[in-house]
């Protein structure tokens, strides 16, 4: 029986552990260390919880220590791994305040990512910990369950009068949190160093639609501004950028995440951003040591190269692949496209692959084709929304490189999966134009927006 130690029980770790226990549990001894107090928190639902769009946090968990141990794993919670002896294959962790050593035959990292803290006067990070302390009260970041719980508890305390909130970071998490706070009746300003929201996921003509959507719901946008300082007498009172000052009562830092790979200790090859560099079997540069989820690289089918794309969906898939290979059952990942989506005040946006800007930066002779239309025929008077689509493709090979869609009709969310598969399988824009897409007035038009965008593509 092989002994496998898993460091981290986040989404990737949980997927990995469950896959091993469900399929190869009789063949392996599984030992898990995690520095957190809970398992499987769905951070993507955090804004819904904070904004009171769901009843509570209970449904945001799908596993726990007891469930994993019932299947046969040994799980140590609140037990950070301190060091790893790769030569002798020994993990040293802190368990109940004491040093604990665990030998292994195979090792899997599922250490996830840690929030990026930009250089801001007034904020101090505690090195080596996923938490941070600030020199001012009410400077928050949101990554873990307890982070969100702390924000909710503070907002629930009416004596604190936390009515004005600044969210720093205009990515998915920042935009979702801005909506959540506005839904609570707070005065919200969203600050980002770039001049648009959702930068990197969509081209600017699409991001402008989301920016207008936010402003239409009374969220102030302070884009193209760099945060310089957070000031106050014991508590947050104002946020200072390179262009203006905002009187606020709370600051949320949501500027992104970096891979948590401190345990590499100079022994494992890392990607340019510090992630564990892995092959298609999720194996690192040390044989028998694997990495899955946000701490590891992925193969990007749009770029045809190794990349870093931190998404829960990627975490689950890489966890499955890593589990099979660690257990001696060969399985290669098929790569990713970075498919993603967001829904803010009923405006739904989805994308996959590369934006036009990213495609050009990656060296492609890229161009785009697009189309705007109703989802259904004009005679369908109810629940018939406008849809905008953009398809990015390479002029030379004609291969589809990316797609973006936006609408108040949530049905577009399923369409992006087709484009994800198209990128994975190197489908051309010309083949897409003749792809068999069904028609029924309840769903779409005979010449629907996907077909029309492909048919009108530059030859």
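Using the three backbone atoms N, Cα and C, a Cβ is placed for every residue, glycine included.
Feature annotations, reproduced from Swiss-Prot:
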ACT_SITE  11  active site, proton acceptor
BINDING   44, 110, 111, 112, 113, 294, 312  FAD binding site
MOD_RES   44  cysteine sulfinic acid (-SO2H)
ACT_SITE  44  active site, redox-active
BINDING   173, 192, 201, 256, 310, 341  NAD(+) binding site
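Recorded features from Swiss-Prot, shown on the structure.
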residue	record	DSSP (3 states)
11	active site, proton acceptor	helix
44	FAD binding site	helix
110	FAD binding site	coil
173	NAD(+) binding site	helix
192	NAD(+) binding site	strand
201	NAD(+) binding site	coil
256	NAD(+) binding site	coil
341	NAD(+) binding site	strand
List only the single closest residue to residue 110 (FAD binding site), chosen from the recorded positions 11, 192, 310, 341 by CA-CA distance.
11
Between residue 201 (NAD(+) binding site) and residue 312 (FAD binding site), how far is it from one CA atom to the other, in Å?
16
In sequence order, which same-chain residues at least six apart have a C-beta under 8 angstroms from residue 312 (FAD binding site)?
11, 42, 43, 44
I'd like to know which of the binding-site residues 192, 256, 310 sit within 10 A of residue 112 (FAD binding site) at the Cα level.
310
Around residue 111 (FAD binding site), how many other C-beta atoms are within 10 angstroms of its C-beta?
28
What's the longest C-alpha separation between any two of 173, 192, 201, 256, 310, 341, the listed NAD(+)-binding residues, in angstrom?
20
Hey, how far is residue 294 (FAD binding site) from residue 310 (NAD(+) binding site), Cα to Cα, in Å?
5
Alpha-carbon spacing, residue 173 (NAD(+) binding site) to residue 111 (FAD binding site), which is rounded to whole Å:
20
For residue 341 (NAD(+) binding site), which residues in the same chain are close in space, meaning a Cβ under 8 Å from its Cβ, but six or more apart along the sequence?
348, 349, 350, 351, 413, 416
Through the lens of DSSP with three states only, how would you label residue 294 (FAD binding site)?
helix
